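The NADP(+) binding site annotation in TrEMBL covers GLY166, ALA167, SER168, ILE232. Positions annotated as domain 'Tetrahydrofolate dehydrogenase/cyclohydrolase catalytic' by TrEMBL: 6-121. The domain 'Tetrahydrofolate dehydrogenase/cyclohydrolase NAD(P)-binding' annotation in TrEMBL covers 140-282.
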Amino acid sequence: MTATIIDGKSVAAKVRWQCRERADELQARHGVVPGLAVLMVGDDPASAVYVRKKIQACADVGIQSHKFLFSRDEKQSVVIDKIRELSADPKIHGILVQLPLPKHFDLQEVLGAIDQEKDVDGFHLYNVGGLVVGGTVFPPCTPYGVMLMLDNSGVEIAGRNAVVVGASNIVGKPMALMLMNREATVSVCHAKTRDLAQFTILADILIVAAGCPNLITGPMVKSGAVVIDVGINRLPNGQLVGDCDFEAVSRRASKITPVPGGVGPMTVTMLLVNTISSAERSCADRSPAIAGAVGAALID
Ligand code: GUN
């Protein structure tokens, strides 16, 4: 078997086109420009690249971004005061604190200061809890993007065996919850899992987010599985690769995401979706906080 490629760039382009249309509609009907505040503490080079990509993507679809940079030894209270000010600002519909934060920050205190209705990363405990009980206002961007790619590729989820490799708060755990909310049978593996292959071989849908090149080899994958590689690793020779041995896994899987050009473009795209959805909600009646399970509604 040779896998079909799930092309994240083309799915992302479609969704961004819809974002542009929704932003234009908000402007035309309500005179509202969606606004995203991006806060970054310190000068981590990888974070700086991500922040630049997010800001460029905002400009492309008609979201007004506002960047706030703090030195790495800034006091936590100063950052929290800025978050509170932005939370009260009606021009701001989304607030994002780029992670990681310096060690002297208490992550939950910082995230907890974000108005839960502007928490476009979906990291506030309120939104995490929403996901646990079966829905959330702001699904976290990377797993939200993965769900959209699965739906857009016609992958059936209910009743399938899904295995998530990696249990981070940003990707693995919310990914498992979203798949569970769509009635998959979900196993979560992590750094301490013994004999990873005995789990991965059972997966109809295998999501890998471990940050470890070549972790998943061909024989670890069930024939015909759908494989989503969330890993982004830079090899010593400069090559960007995921967590799967792409060639070998492609020969077993029915569908696979490449790295680069798979999940990566979807993460920033779903941030745009969450920001525009928040701006739309601010124009409508501020009703129920908990929406339905993450579904396929975005793309036809
Ligand atoms: N750092 C790595 N991934 C993310 C993300 O999705 N959101 C934020 N805010 N920081 C990150």
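Including glycine, each Cβ sits where the backbone N, Cα and C put it.
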Counts by DSSP class (helix H/G/I, strand E/B, coil) across the domain 'Tetrahydrofolate dehydrogenase/cyclohydrolase catalytic' (6-121): 61 helix, 18 strand, 37 coil
Average pLDDT across the domain 'Tetrahydrofolate dehydrogenase/cyclohydrolase catalytic' (6-121), rounded to a whole number: 97
Other CB atoms within 10 A, centred on ALA167 (NADP(+) binding site): 18
Residues near GLY166 (NADP(+) binding site) in space but at least six apart in sequence (CB under 8 A): GLY172, CYS189, HIS190, ILE207, VAL208, ALA209, ALA210, GLY211, VAL230
Neighbour tally for SER168 (NADP(+) binding site), based on other Cβ positions within 10 Å of its Cβ: 15
Count of other CB atoms lying within 10 Å of the CB belonging to ILE232 (NADP(+) binding site): 19
